[in-house]
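Notes to accompany the following structure.
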């Protein structure tokens, strides 16, 4: 008997997700009845099924034939990439289209190891020019090409 | 004769200069992105989706279809030249294709892939034109109970195709269905699962979710792999296959096309299963079976014909019934909904120009692919040299601005972040995304049909088993579920999918 930690984690996540959704449904949404289903009827079915399945996965993982540990999670890539998207979403208006895309691509470049500044800068410039042409001049997004932060006076 | 006039209408639409241009642009962009190693058709379609939304519905679907088979085709090129399948459906092509390339026959291998795919595409396109009309006529008589059961079949078969645990796949479907319900309930106008946010009252942004789970999560996973590994690219010399090669391609192409066309129609089928089955069948029936694995041209022709045929015929359930049979088709359905077209049997009557134009453009797109790929192969080879470390920041930036542009919404970009992280963590726990995205697309439809079926039957749940078509569909779903859970099959599935990885 060994523990499959991957399954244990997956089962726990699913069960927790199901439980959260079941709780929200129970609190906020009328269930109704089969003839006249309320907005909570289908969600309560799904979230209950998910809780049951998640719990089953978790319980079965405790009696696994072989021990499986959680693979190492290298956090650098996911964190840097998430930071790049969050920065893009929050700062695009102020930065403007061209600087915003340039900054996003440059920050994303830091997810690579080793980080090589010159190719990263060149690639980021390239994509920024391309996207500015497509989305700024082609699709005409209502975002300034150069944002207000770079304007004086 | 009706078929001829329909196809005539289709070609007249497809040959309109704008549509022709978007078909070309789609196949070009699809090939361009699909050739890049580590980016499959799902990621390609997801990241290019935003570019199509400004177009008319017909042009946008023509372009999307072009992107799809372009990326599929680009994947075969990488499979042959650097032994790295751009996507799972060309994984079997690496076996013999790369061996051919190593023996200095990369050119004939690429030509075999191209010509077989074109042949298969032609046959499959005709098949779509022939089968789609009668199928829509049957589907017109479907009530909500039948639709509900049909979607259940679709969801269950996505479990059969997931390589991992069945329970996990079911959980992923449920998660997709639940997240798909986010937004305002259509019957009572009650906001559901919006956590008080006004941005969520229209639901989660489908493009953002697709880009997150297929694009960003994939990049996160690729980054932890062997980075900075320079691929060894086989040299391409002498593109044209010899007469002997051509003769050896005929049988496998035909058999591959038949297998691919049949498996493509099945819900959950499509390109991946087709190419795998075709390769194994060919290995058994071929006179040259000893050569398989060492560069047999049959081993390139058959799976390439099959995956292209399967990719095309998987449009049949999507176009005639409105049911996506795999994740790629789920993205197409999502795009149709955004364009204001309700997928289903009415498309053929309400939008005949779109329906037949799309079908005709598939054939044109396949012809363009041959032209794009064989003479221009040098360009694609040079793309293979672009290192991933340069590529992925560009893709990230492109995804962000693309998703932003759909609704000018910064909130959608936050959704990418969340979907990307969640997709990455779940992938690390061996959970697969295709069942999730199918659930996400089908969630609202499934609920609507369930509710309507129950209202019509006055709350009697037996309606699903007393209506014959619905009952048959549910029996199919149950059988499929039982088959995949049998221990013997479960073990076999593991082997199949491990070989494909």
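Every residue gets a Cβ built from N, Cα and C, even glycine.
A TrEMBL annotation is a machine prediction, not a hand-curated record.
As recorded in TrEMBL, the features of this protein are as follows:
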- B:20-39: transmembrane segment (TRANSMEM)
- B:20-438: domain 'DUF112' (DOMAIN)
- B:45-69: transmembrane segment (TRANSMEM)
- B:109-132: transmembrane segment (TRANSMEM)
- B:138-162: transmembrane segment (TRANSMEM)
- B:169-188: transmembrane segment (TRANSMEM)
- B:257-279: transmembrane segment (TRANSMEM)
- B:323-342: transmembrane segment (TRANSMEM)
- B:354-380: transmembrane segment (TRANSMEM)
- B:386-404: transmembrane segment (TRANSMEM)
- B:471-490: transmembrane segment (TRANSMEM)
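The list of residues near the transmembrane segment (B:471-490) in space but at least 6 beyond its ends in sequence, with Cβ under 8 angstroms from a Cβ of it, reads 146, 149-150, 152-153, 156-157, 159-160, 166, 464-465. In terms of C-beta pairs under 8 Å, the stretch of B:20-39, B:169-188, B:323-342, B:354-380, B:386-404 lying closest in packing to the transmembrane segment (B:109-132) is B:354-380. Here the transmembrane segment (B:323-342) has Cβ contacts under 8 Å with residues 41-42, 45-46, 49, 52-53, 57, 60-61, 64-65, 68, 150-151, 154, 157-158, 161, 206-207, 210, 214, 265-270, 311, 314-315, 317, 351, 354, 406, 433-434, 437-438, 440-442 of the same chain, all six or more residues outside its ends. Long-range Cβ contacts of the transmembrane segment (B:169-188) within its own chain (Cβ-Cβ under 8 Å, at least 6 residues beyond either end) map to 155, 158-159, 162, 194, 200-204, 209, 426, 431-433, 435-444, 446-448, 451. The list of residues near the transmembrane segment (B:45-69) in space but at least 6 beyond its ends in sequence, with Cβ under 8 angstroms from a Cβ of it, reads 13-14, 18-19, 22-27, 29-30, 33, 121, 207, 210-211, 214-215, 308, 311-312, 315, 328, 331-332, 335-336, 338-341, 351, 353-354, 357-358, 361-362, 365-366, 368-369, 395, 398-399, 402-403, 405-406. Within the chain, the transmembrane segment (B:138-162) has long-range Cβ neighbours (under 8 A, six or more residues past its boundaries) at 168-170, 172-173, 266-269, 272-273, 317, 320-321, 323-327, 344-346, 432, 434-435, 438-439, 442, 445-446, 448-450, 452-453, 456-457, 463-464, 467, 469-471, 473-474, 476-477, 480-481, 483-484. Along the domain 'DUF112' (B:20-438), the predicted structure has mean pLDDT 85.
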